[in-house]
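Notes follow the structure.
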Amino acid sequence: MSMQEGLLIVNLEGQIILVNDALCDIFGYSEEELIGLNLPYPFAKTEDLQLMMKIKDEVAKGEAKSFHLEFIRKNGEKYLISFLSGNIKNDEGEVIALFATIKDVSEEEKAKRILEDVARKSIQKKKLIMELTALVGSNYYSSLQRIISLSAASLNVARVGVWKFNEDKTAIICEKLYVLETGKFEEGLNLTNKDNQGYFDALIGNSLLSIEDAVNHEITKGFAENYLNPLGVTSILDVFIQGNQGMYGVICFEHIGEKRKWTAEEEEFVTSIASIVSLMVESSERKIAEKNLVIANAELSAANKELNHLREQLEQENVYLRNELALVFNYEEMVYGSEVFSKVLTEVEKVAPTNASVLLLGESGTGKELLARAIHNISLRNKKPLIKINCSAIPRELIESELFGHKKGSFTGAFSDKTGKFELADGGTLFLDEIGELPLDMQPKILRFLQEGEIEVVGGTGSKKLDVRVIAATNRDLKEEIEKKQFREDLFFRLNVFPINVPPLKDRLDDIPLLVEHFVDKFNKAYEKHIKYIPSDAMDDLMSHNWPGNIRELENLVERAVILSDSETLMLSPVNETTVLKELSKNYTSLTLDEVQRNHILKTLEKCDWKIHGDDGASKLLDIKPSTLRDRMKKLGITKPSKK
């Protein structure tokens, strides 16, 4: 029997004949006060008398009983006990007395209720966060009111407000503040850095301020007299809000009453709320910018129509006069003219100056890598490198070393130190291509960097703090991968701060003529061709194709056509799997594409007397790098003939 368990023995009439010290401690009565008592006992509730008598009779018949009852201490305090009873027999097997072991389980039940309450509130908070996330993209101020009112009630704080920095970051102005007691909203309050520089420095330098004693804390005591004390605010929990242009403001959770020590769960909850507000701010700013672009887009549309009209006038004998076509937009090596891709680049321009993580979503061959490069090139990080890694191209056992580096001797084959891609990208940008292929066991390590900005080198000691902006890309449905337990949901949310959907070529039909012109020009230079005309019926056929391979498929098709065309007209036949090569190679049925390329390179090398470098070298005429030319020569088996 445990020392916490009390022992009670009664005779067959129910009279108490023996108790132990633990029982006296539980009931608050002395042994003298309990011995000799009969039903009803003073520690039992009156309404339980019939139950107690029934239990006594059943136990006397040989039935053991176990149950919970609420008893009353001598001081009147009610508490819950665990009650286990049985009978005592003499040597002849006759029941001569009854016993019960009694344990005070009120604290256990209280702890259980507290845990259940914590779990219930945690579930409510998660549901609330999901509900509030759905508000992103809705009307900013009405959504903001709902967010701060619901989060105030969920966290049980007196006041929740969103404050915005002024232009020079010398003050924060209250956009909207909710008072839980009155259910009303306030706005227009402001706080300057004149006497509160410590708070402003701490706010800008930290993503979260968790202060239990706000009145006396070094960071917040500057505005205690004029702000905290008159309102009775004792504890604050402030979280930084990010916008498209960087620092936007802060969301403040203010507690009134006894000082409140914020829990880690509460800090995580308000951080999630701040992230939702940040997304709303960015969405609102983006909408304003898009609205300002309406006129420009209308003018661009009008220009497109006019240029299309001019193009039709320039068409002669159903061909496109490519030297006269002027409608070519080139942005960071991306050719476009369609409205749908213009919107994508607008998103690129908005997110590039920030440090927000970007997730590029789209089919293979749509140009996700070019978009990643564009984001880097127009960002403040463009003086530092853009490092690319294809998560699907690296063996599972090597990917950790590739990403984070390793120390000499850390594993078999580690003959020297190696710097990982994250460290190479310090100060710049890391492009994680095919992120959906990242092994599940590597995902927590990426998540840790996104959360804390730290990595651990394989075989190293301690962690390294790095400043790297992460751009990821995938052609997979990551939400479906999450459901399959192949991708972590928390990593998805960290990467999905600013998603950009890259449209497939079938949704960019207006760009096809521009892309064809661009590729013809590119391969004219590469293969020393002089193609000037593109038949209109061939162009119409390209416009009607579904393009499952997207831009990459179009580029390959145009390259083949340029190689196989001998005149100034591009030999581009109907696009389908059974006829395209047949039509394009009427006079080349005995040659493969590699053979055509090999013959062309050989011809150019002979023309240049096998010189590769320089203005009069073959690489210059082919408009490719000397290293690229050597690679192609090696692939095609081209070697310089020995002199006889």
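Quick reminder: no glycine exception, Cβ is built from N, Cα and C everywhere.
Within the set 286-324, 520-558, 559-597, the record from TrEMBL flags 286-324 under the feature coiled coil. Across the range of the domain 'PAC' (65-117), the DSSP-based residue counts are 12 helix, 30 strand, 11 coil.
DSSP assignment over the domain 'PAS' (1-63) gives 26 helix, 11 strand, 26 coil.
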